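Chemist: For reference, Swiss-Prot lists these features for the protein:
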| type | residues | note |
| --- | --- | --- |
| BINDING | ARG23, GLU80, LYS120, LYS454 | (6S)-5-formyl-5,6,7,8-tetrahydrofolate binding site |
| DOMAIN | 216-377 | domain 'TrmE-type G' |
| BINDING | ASN226, THR245, ILE247, THR250 | K(+) binding site |
| BINDING | 226-231, 245-251, 270-273, 335-338, 358-360 | GTP binding site |
| BINDING | SER230, THR251 | Mg(2+) binding site |
Amino acid sequence: MSDNDTIVAQATPPGRGGVGILRISGFKAREVAETVLGKLPKPRYADYLPFKDADGSVLDQGIALWFPGPNSFTGEDVLELQGHGGPVILDLLLKRILTIPGLRIARPGEFSERAFLYDKLDLAQAEAIADLIDASSEQAARSALNSLQGAFSARVNHLVEALTHLRIYVEAAIDFPDEEIDFLSDGKIEAQLNDVIADLDAVRAEARQGSLLREGMKVVIAGRPNAGKSSLLNALAGREAAIVTDIAGTTRDVLREHIHIDGMPLHIIDTAGLREASDEVERIGIERAWQEIEQADRVLFMVDGTTTDAVDPAEIWPEFIARLPAKLPITVVRNKADITGETLGMSEVNGHALIRLSARTGEGVEVLRNHLKQSMGFDTNMEGGFLARRRHLQALEQAAEHLQQGKAQLLGAWAGELLAEELRLAQQNLSEITGEFTSDDLLGRIFSSFCIGK
C-alpha cells in the first residue's frame, strides 16, 4: 500500500436506493472535503451540505461526515458523503472526486485492509466484516458480530500468551541446566502443556461449529439401493430433485442440493446405492459415493425398515460402518415407517441418533430437519460463539499437531530444544489467524473477497 494513495468507493450496494454513500480514505480526504463541499466539516458531526462539481454547480446535496485519523475506521482521514441513491448521481459525484490528483478507486476490501494495517482490526476481525455481510441466518450473523467484536481473537490471543509463558519456562530449563530443579522432568512443563492442549481443543471444537455456521454442513445420504435415499433428498429439498423409481440403482451419480433450514445452510448429497456394482457406470457412481462420504460432515445412513428390524448400524451393515472415517457422525434413518408401522420420532442407539420416518409421505422429516439444525449448533446456546473459516481450522489443526509432537519430544527424550521449536511453530500457526504473523500473499487473497467499499 502506497502512503500517497487516497482511495474512494461506493459503500452502498449498486443500483437505486434511498441513500448512496461514497467513502474516501487517505491523506487527501481533507482536500476532497474542501474541494467538493467548500469546507471541512466538524469532526464526527453530520453536516448537511451541497456536493459541488468543478464549475461550482451542485451535483447533489446530503450528509457529510468527517473522521480525522487516527480516530477513524481505517486509521486514516476518512470522509463519507451520503447523498441520494441514484446510480447516475453517484457516478457523477465519483467522477468529480476522481478528478482530484492522487485519488483512485479502492480495491475490494481495501478499506478493511487499511484498518488491519493501521492496527484498528486484527485479521480475524477484518474477515468477520465480510462474514457478517454474507451471514445467511440470525445465528451466523450473531456469531460473525462476536468475531468482529473480538471473541475469536481473544481466545486465540489467550492461547498465544499461554504458549509464550510456556516457551519462557522451557527456554529457562534449557539455558540453566545446572539449577537444582530439573524443569523438564519435574512435571510442571508437562502439566502446563496439557492445559494449553486442552484449551486449544476447546477452541478447535468451537471453530468447527463456527465453520459449519459460515459454510454450511455437508450431509451425505448413503445406504443400499432402494432404501429411499432419493425420496429423502426430495423431501428435504421440497421439490423433485431426484428421479425416484422402484428399480434398484436408479441413482448412478452424485446429486447435490443446497438448502436452508431456518436460514442454516446445508449441502445435501444423494449418492448411488452401495453394493457390488453390476456394470462400469454403476461402479464409478459407487466410487464417487465413497469419495463424498469421506469428505462429509455427517452421514445419513438410510435403512429400508421393511428389510430389517435392527437399529444398531453395526448390526445392520457392519462392513459399511467399518469403512467409514473415524469420528464421522452418523444418523441412522429408518425409512418406510408408513409401511412398517414404527413409531415416528428420534431416539439414540449406541451413541448414534436414530430417526424413524417416511420419506415418501414426509412423516417424520421435520424431526430430521430439527436434528440437522441441532447438529449444526442452531439450538444450542452460542451467545459467545464465533464464525471461523477453513484457514482458521487449518491453523488450529497445525498448532495442535505441533503441540502433540512437542509433548512426544518431552515425554520420550526430555528434548527441551525440540519442544521449544514445536512450541514456536504452534505459536506461529496461531498468530496467522489474527495476522500477527502472515504473508502479503495471504492478505491479498483474504481482502480480495470483500466488497469494494469495505
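Using the three backbone atoms N, Cα and C, a Cβ is placed for every residue, glycine included.
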Chemist: Counting distance between Cα atoms, which of the binding-site residues ASN226, SER230, ALA272 is nearest ARG23 ((6S)-5-formyl-5,6,7,8-tetrahydrofolate binding site)?
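Modeler: The answer is SER230.
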Chemist: I'd like the number of other C-beta atoms within 10 A of the C-beta of LYS336 (GTP binding site), please.
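Modeler: There are 22 such Cβ atoms around LYS336 (GTP binding site).
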Chemist: Between the binding-site residues ASN226, SER230, SER358, where is the Cβ count within 10 Å the lowest?
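Modeler: Least crowded of the binding-site residues ASN226, SER230, SER358, by Cβ count within 10 Å, is ASN226.
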Chemist: Where's the emptiest Cβ shell within 10 Å among the binding-site residues ARG23, GLU80, ALA272?
Modeler: GLU80
Chemist: Which of the listed binding-site residues (LYS120, LYS229) has the least company, meaning the fewest other Cβ atoms within 10 Å of its Cβ?
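Modeler: With the binding-site residues LYS120, LYS229, fewest surrounding Cβ atoms within 10 Å: LYS120.
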Chemist: Which secondary structure state does DSSP assign to SER230 (Mg(2+) binding site), in the simple three-class scheme?
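Modeler: Reduced to three states, the DSSP call for SER230 (Mg(2+) binding site) is helix.
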Chemist: SER230 (Mg(2+) binding site): which of the binding-site residues GLU80, LYS120, ALA272, LYS336, SER358 have a C-alpha within 10 angstroms of it?
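Modeler: Of GLU80, LYS120, ALA272, LYS336, SER358, within range: ALA272.
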Chemist: Nearest to LYS120 ((6S)-5-formyl-5,6,7,8-tetrahydrofolate binding site) by Cα distance: which of the binding-site residues ASN226, LYS229, LYS336 is it?
Modeler: LYS229
